[in-house]
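To start, the structure itself, in structure tokens.
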């Protein structure tokens, strides 16, 4: 939900992420990914931290959403994208761990609000039933499969496409094959 409690501030979030970011950046990666960010305060803290630490590694920041219109906190994507758009340290924006039926609409919304590359890697669409303690089957696809949806996400403007929670190696293989065949590879 992004509700960390009243005593959590942007400064506390920066302190939480600082050492991890320093260690990751010093390891020489090609990219640093911040994912499943649920609220605007954490996005702001991450952008400030990238500047304060003068991180020279490009980063991406991906949000999570439960309704396809807002972050998990209920805040708007637009407000967060303004923060990310102002940062030269953030090269890629996107969503992850979000139900796949929302992804195409989110991409189209992002395309109107940013010039940065867009990454999407939704979850499987399955829902956890806490009472029965089991995953409920995917109902969001209708007659479409994950790889068919991935093609649509690329057509809508996603530069990077993958899968998150409850997707499998075979899901990612199917997505890769679908996108390669679409691109003539």
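Including glycine, each Cβ sits where the backbone N, Cα and C put it.
Annotated in TrEMBL:
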- 1-179: domain 'Hcy-binding' (DOMAIN)
- 97, 164, 165: Zn(2+) binding site (BINDING)
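Fewest Cβ neighbours within 10 Å among the binding-site residues 164, 165: this applies to 165. Other residues of the chain with a Cβ within 8 Å of the Cβ centroid of 97, 164, 165, the Zn(2+) site, are 36, 64, 96, 98, 121, 122, 123, 124, 163, 166, 167. In sequence order, 35, 36, 64, 121, 122, 123, 164, 165 make up the list of same-chain residues 6 or more apart from residue 97 (Zn(2+) binding site) whose Cβ falls under 8 Å from its Cβ.
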